[in-house]
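Contents: one structure, followed by commentary.
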Amino acid sequence: MSDDKRAKSDKNEKNKYPVNLLDTPFPMRGDLPKREPQWVKQWQDKQLYKKIRAARKGAKKFVLHDGPPYANGDIHIGHAVNKVLKDMIIKARGLTGLDAVYVPGWDCHGMPIEIQIEKKFGKGLPVQEVQAKARAYATEQIKRQMVDFERLGVLGDWDHPYLTMNYRNEADELRALGKIMEKGYVFRGLKPVNWCFDCGSALAEAEVEYKDKVDLSIDVGFPFAEADKLAHAFKVPVEQIDARPGWIVIWTTTPWTIPSNQALNVHPEVEYALVDTPRGHLILATERVEEQLKVYALEGKVIATATGAALSEIRFHHPLAKMDGGYDRLSPIYLGDYVTTDTGSGIVHSAPAYGVEDFQSCKAHGMPDSDIISPVMGNGVYAGTLPLFGGLSIWDANPRIVEALQESGNLFNSHKYTHSYMHCWRHKTPIIYRATSQWFAGMDVDPAEENGKPVPTLRETALAGIDATEFYPAWGKQRLHNMIANRPDWTLSRQRQWGVPMAFFVHKETGALHPRTPELLEAIAKRVEQQGIEAWQTLDPAELLGDEASQYEKNRDTLDVWFDSGTTHWTVIRGSHRDDLYDPSADEADGRLADLYLEGSDQHRGWFHSSLLTASMLYGKPPYKALLTHGFTVDGEGRKMSKSIGNTVSPQDIANKMGAEIIRLWVASTDYSGELSISDEILKRVVESYRRIRNTLRFLLSNLSDYDHGKHALPAAEWLEIDRYAVALTAQLQKEVLSHYEAYEFHPVVAKLQTFCSEDLGGFYLDVLKDRLYTTAPDSKARRAAQNALYHITQAMLHWMAPFLSFTAEEAWQVFAHGTAHTDTIFTSTYYAVPEVDDADDLLQKWHTLREVRAEVTRQLEAVRVEGEIGSSLQAELTIQAGGPVLEALQSLGDDLRFVLLTSAAKVTAAPEAGDLLVTVTPSAHAKCERCWHYRADVGHNPDHPTLCGRCDSNLFGAGEHRSHA
């Protein structure tokens, strides 16, 4: 009988023969969009996070250090995933009794905010004004984002977040810079760095993304200049070389770099051919001759070969020399192991200002910085002094360069070519490598000795740190290892306004740092601590340098924003939030301050990366014990979220329409190690899952509404057997749930909770229990035993779900725990200690068998119902034939077996064969009890109550029925 039907029946009969149908203030409808904001306000008003911390005072700390989101724009679904995952971990760890600390943070400096200030107020503002407006803008953005994060049910120290723009944090960042300078990691040099013309600044590796780009691909000939050396290398007469024009041919997809060419590269071990063609002699890699001649539409014959090593230092004319005397220079061949013969001619042209390998090759051959030709300015335009192309942007110059090469007679082929190319992640525009004078943290420099002993390089220290770190999922370790192993020096400097200054004084003539730089940095940091980075702008050098001020100038570079967030283990954990986050015991143990860093998979090259490098320089260790990575959100078809596609999902919209609890349950039920798919259809399924869990909770709370554990608790030995089984099953599941939480695995917890609610409880235990709960005497031992089990199940279940269904668990807890020590909130309690059941293993095995029998019985009952012979299962009587342990289990229940199988009678006999299970269903010939709806022979045995069966008569007016098993 359904609860609704019983309620209607009870009402219609005016409780003539009442059943124990109780109610609860916990409603069936969650009405989440309306109720959740009330919970958020209540948590804020009673300072819930502070209460939780107070309850855990003195406990071991668990520190999840927040990777700061950028203070610009509304939060998106990726932010929601990130914050909910963090919140679930903090709550799950807190429920173990740990002092789980969460201080949210924001990344505040950098280009995106500068762009917003330019949009609102125009370009050309004084630096101080830009900084003031940027600070105000970031503050406003943080307020907006904070509201949305709290709306998601995320608990943390929202009253005291950390901000990279806080004066103290800015000052401590300068102190961190001073520290790594003293240790010998920082140097200044000319190097090609990732450069964005729109940013007007160098970019970090993490700020570069790759997209397809269509470029002009060209094959360019560099005319022979040293025939005698070529003749010697190829072992042919010099007259043969001189007899015809000749070129060494290169292939490139960046025509704009040709004006800056200063060398050519060949592989020392590759064989190169001197090829005779109708156009003249060509030098190509031997294995590329056939393919390249087709491209050039030429016939040809190899007349000699030589290794790349034999061609070393031979020089060739610049291909634009005939067009303008400014290009009248020679390009030597340098050997390079990186040259391949997969595509092109097997020869690479080298413009050291615009390629990392080009630069390294030319520097290795003694080219001084002053000789490097670098005509491209920071805005992507050639300097006006560049012959032929001065004043043009490099992209506009590409076709002009091709025309000039054609006119000079040195172009062999040009065509459009699609390839993966570097783009700025902010502007989505192509970027280049550009040699500029920058400040670097050297990956392979030898740091200063400590205590007279050599210190490993930054690369070595960081790689060792990775080996000492736990990764969730495990594949993250190799990914980060590969990035660190292969990365170039870290470009620390940026050419921006809204950022922490690299507050150095540089000698005007020599470019050398002031000899008292560490001391001066501390003096500047003290000013920044009081006035913010603006203090550097207003500082008169004479205040610190005295008479030397005229010899020095302020360095105008700012620090990479990845240094801002990458040093928060120093500026926040050891600095501004030391009282909350710093754990001296962890520091003394191994120096790793945070238990966990958790971010999206892009942060292997972002925050995980920069934090590892800064901590390796400062302490020689990572700042974290473990790294957890989550995937990106995609739509139901696996496509990335994109405004242009129109498939973006707003967490604010979901919270307002369905409830933040639905976002939380979606995050928890998804395997975050891969992509997280979200769509309307997926969210509908999540809503259904939520309803099932909520309905289970409502049933539990309703049937516990007259239960007081202090008065009605019974020892486990006095419970019915099925109750002991249900609690044993709960205890078994609790071990699995806590094990998953310990490993940061949430989707198995949700899956098991759903199965527990729908199959173990709704599909079995609660289904069996309804008769006992509703029909036995209210204060009978049989009913109180059932309530004992429900109490323990509810305690455990509310704690399992609290980390992800926080609003719902808290709402249910207020009903369930009313009047207890933890009435205020579930989050100051700990995971429930589910009582031990002595015969748990035997019970679990026995009732597993009984449930298998029940499943077969249900199938047989359904077949008979479909035939129209019965309506409900209570109209049926069963005869079951079984053997072996199955027979033993069935017989052990006696008359209680009918309650387990939801029939009015169940008879068990031995089967002909031990392994048989035969079920016979017979429609009952007896009358139906008006109260319990069972069909029994004793209905009407008491003439005073002719519509009641014997047990209902006894439960209402006599001593009550006796139950042992179910």
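In case you wondered, yes, glycine gets a Cβ from its N, Cα and C as well.
Of all ranges given (325-329, 640-644, 780-784, 835-839), Swiss-Prot attaches the label motif ''KMSKS' region' to 640-644. When the ranges 69-79, 135-145, 850-860 are checked against Swiss-Prot, the one recorded as motif ''HIGH' region' is 69-79. Between the alpha carbons (Cα) of Cys929 (Zn(2+) binding site) and Glu599 (L-isoleucyl-5'-AMP binding site) lies a span of roughly 61 Å. Counting every protein chain shown, 25 other Cβ atoms lie within 10 Å of the Cβ of Cys929 (Zn(2+) binding site).
Counting neighbouring Cβ atoms within 10 Å of each of the binding-site residues (Cys932, Cys949, Cys952), the lowest count belongs to Cys932. Counting other CB atoms no more than 10 Å from each candidate's CB, the binding-site residues Glu599, Lys643 peak at Glu599.
Between the CA atoms of Cys952 (Zn(2+) binding site) and Glu599 (L-isoleucyl-5'-AMP binding site) there is a gap of 60 Å, rounded to the nearest whole number.
Note: the Cα of Cys932 (Zn(2+) binding site) and the Cα of Lys643 (ATP binding site) are spaced 59 Å from each other. Lys643 (ATP binding site) sits 23 Å from Glu599 (L-isoleucyl-5'-AMP binding site), counting Cα to Cα.
Cys949 (Zn(2+) binding site) and Glu599 (L-isoleucyl-5'-AMP binding site) are 63 Å apart (CA-CA, integer value).
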